[in-house]
Amino acid sequence: MKRSRSPSNSAQRQLDEADLFMDLIKDVANELDIDVLCHKILVNVCLLTSADRGSLFLAKGTPPNRYLQAKLFDVTRDTELEDALKIARTQEIRIAFGIGVAGLAAQTKHPINIKNAYADPRFNSEIDARTGYKTELILCMPICNYEGDVVGVAQIINKTDGSKEFSPRDVEVFRRYLTFCGIGIQNAQLFESSVLEYKRNQILLALARSIFEEQSNLECLVTKIMTEARELLKCERCAVFILDTDHCESSHLERIVQRPGGVRSGALALPPPAPTRFHTLFELGAKHSRTTLTPKHDSKSTLACIALAVAQSNKSLNISDVGEWRVEHGMTVDPASDDAANVRTMLCMPIVNANKDVIGVAQLINKENGSQFTDGDISIFEAFAIFCGLGIHNTQMYENACKLMAKQKVALECLSYHATASAEDTSKLCQDVIPSAEVYNLYSFKFHDFDLSDEDTCRATLRMFLQCNLVEKFHIPYDVLCRWILSVKKNYRPVKYHNWRHALNVAQTMFAMLKTGKMERFMTDLEILGLLVACLCHDLDHRGTNNAFQTKTESPLAILYSTSTMEHHHFDQCVMILNSESNNIFQALSPCDYKDVMRVVETAILSTDLAMYFKKKSKFLELVDNGEFDWQSQEKKELLCGMMMTACDVSAIAKPWEVQHKVAKLVADEFFDQGDLEKLQLNQQPIAMMDREKKDELPQMQVGFIDMICLPLYRVLSDTFPWIQPLYTGTMENKRRWQDLAEKVEMGLTWIDHDTIDKPIEEFTASNEPIKDVEFTVTTLNCTRPVSDTTSTALVKPIKTSFHSLRKKNTNFQRPARSKLTRSLYAAPSTRDEKATATPALETPVTEERSSQTSKASKHKGRSNQGSTEKPDKVKPSKSID
């Protein structure tokens, strides 16, 4: 501790008054330690005024609750600084502004000179009675800063030179000296504040480091924070209560039974949540640093009750007497188990997280000097509470993340068990004889899976891997490949179109492009492996709804992936299967090859998003137009693979008409199901292609799909790689068919209600006038040349009941139009070399026998029945039609 310096009596006598005054001013001008400064001021004042002793009070608090607190008390010229500070700590004296001699001087900002203390009513003789010292003379002077605000009060008592009063000269010297001392005190206080602020910042920086270093251990984190807080704020104990935010079983049950995505109802079906309580107490300075709390602790613990009050009010408490607080709140405790028996003062503050929710309460207990916690302590502790909140929140989030990762691991284990093919199915496929590629027609662009059983689809997939020699080249264990294929098949949902058989068709088209289309000459073996895997996995776990639907419904998938939502999910599912036990067909690859093949699989699957196709199409066309023939750079190879994936994904459009028509109906049915969901769940009108009420527009929309996506892609691919010309040719043929069908729909054909397209529907009720003498012929023929004028007549009723739902409303046909439609529909050529033409055959609801004959006569694909020749059956109704 620095010792104050004062001039000796001999030096005082040698100097004149002015020199002495300047020397004393210089002595305090450069002093920034507030304790040393105040001691020097009192000693020097006693020298200047020949006073016996003096006291110095510093102003505290804010208006209107300002008060004086004794910094140094009863200091004489011979009192050492250490002794003066010790006396001040043991005798803490507070005087409110306006009370007593010093309080009046602070309030009025005027000096008070008392010649007889005991005769003055403002004087309090209690201190004299306690110390045995008799006060006679008092000179009390306010100390102001440069702004004129009172920063303290200096008081000197009794003269040592025998005078009976403080003379006007003493008052003037005291006033002039304290004017300079006020500036010194303010500077010292600012310096003290800056030092304290620096220390606080250093501690807060250390706390910030602790938060990020100790995220895995809540006890270590809280202990560090409490240790720093206790050392800085000089208190005996420190405690942190952690709030139990998930203890209520009823609220937990309410969350479980709440329908996902639903709105919580206003009425509570379950009991209300339990009262707020704590589950853990961290206490520094107690016997146990960590205690697990129960409701019993909350009710019997004074500290917990105070913390509970702070948590519920979300406001700080600065308690000067804990005993009085207990009395005010009617709390009685057993002295034997009282945890606040030695607690005098307490500062209690809520701890909040980033969402401003209370997650705990921090307590500082018993200031070391026995006083109440100050405003400065509250300000510092607020910063500690903020850091404590951040640290606890981060640690809890870390713990929750660890739990979620563990749950995810368990879920993945369960999923891999259920999503992986059984050992029995794997063993059976391993032992099966795999037919040749020719048996399954794998080299043809006209391949279809209609005649394949589920077992055959897996065998055909195996054959593609074997035919490309991938099993041998990459050392794929045969049983692992079989299990992987069965697992991929198992992870496709039974939706109408985007199912396992669609994946098989896409993979077969890729196989045909590589082999028949000779595209394998542009690919490495690793890329061929990646492309086949991508084709088989490109729609894994498809839900029958597109990306737009995921976004509209704000599904979890849409939250995970903002673009190419389903495609990212398909790739994730692909990775999950590969990572499942005994399913990794890439296990023998080097790390470099594994990285390359996974990149091929990922980019290929993501490229099946038509949004990606439109982004890349213009760049691909630009390369082709520039005569590009070298596709070996990574960027160009990825572009080419992306175009090939899209070509395979939509290749059903190039299949033979019977296959294309059947697949188109499957796609339409899946789209209609999504449209129904949009109407029911979202209350929105779906787009035309997904609106069941606009099913008759589908042929025309198919034409638009072909023109916009399929034909441009197949045209540029076949121009560049001539061996895949069949895709372009097949698409052109189907476009002609769809255009023809669209024209027929315009004339009243409702195609989607039938198993086949080539089935005529005519409107016979064009007007309300009765139709008479209308004859129809039901004929079964076996002809090698066109047959004409083979007719028999019969009057029948117009068909209303059977096909009523199939007609377009308000569609009227004149006789010439009907005649033209009839000829165009009924004269469909056979697919065989021998062509036959059938005359109109129309089902009539006359009898079951007649209906059966008619069904045979107008078989689905426009082919005449073989092996029988019958004469026309004439059907005559019992009465004419209206």
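In case you wondered, yes, glycine gets a Cβ from its N, Cα and C as well.
Remember, it's a predicted structure, so these values are computed and weren't measured experimentally.
Annotation comment: TrEMBL describes 422-745 as domain 'PDEase'. According to TrEMBL, the AMP binding site annotation covers H498, N499, W500, R501, H502, D539, D649, Q702. The active site, proton donor annotation in TrEMBL covers H498. Annotated Zn(2+) 1 binding site per TrEMBL: H502, H538, D539, D649, in sequence order. Look at TrEMBL and you will find 870-882 tagged as compositional bias 'Basic and acidic residues'.
Sequence features, as recorded in TrEMBL, placed on the structure.
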| residue | record | Cβ neighbours (10 Å) |
| --- | --- | --- |
| H498 | AMP binding site | 24 |
| N499 | AMP binding site | 18 |
| W500 | AMP binding site | 22 |
| R501 | AMP binding site | 19 |
| H502 | AMP binding site | 22 |
| H538 | Zn(2+) 1 binding site | 28 |
| D539 | AMP binding site | 25 |
| D649 | AMP binding site | 22 |
| Q702 | AMP binding site | 25 |
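When the Cα atoms are compared, H498 (AMP binding site) and H538 (Zn(2+) 1 binding site) turn out to be 10 Å apart. Taking the mean position of the Cβ atoms of H502, H538, D539, D649 as the Zn(2+) 1 site, the remaining same-chain residues with a Cβ inside 8 Å of that point are H498, A503, V506, C535, H542, T608. When the record's AMP-binding residues H498, N499, W500, R501, H502, D539, D649, Q702 are compared pairwise by CA position, the greatest distance found is 23 Å. Between the CA atoms of H502 (AMP binding site) and H538 (Zn(2+) 1 binding site) there is a gap of 10 Å, rounded to the nearest whole number. Reported as a whole number, the C-alpha separation between Q702 (AMP binding site) and H538 (Zn(2+) 1 binding site) equals 23 Å. Taking only the Cα positions, the spacing between D649 (AMP binding site) and H538 (Zn(2+) 1 binding site) is 9 angstrom.
Mean model confidence of the domain 'PDEase' (422-745) amounts to 92 (pLDDT, 0 to 100 scale).
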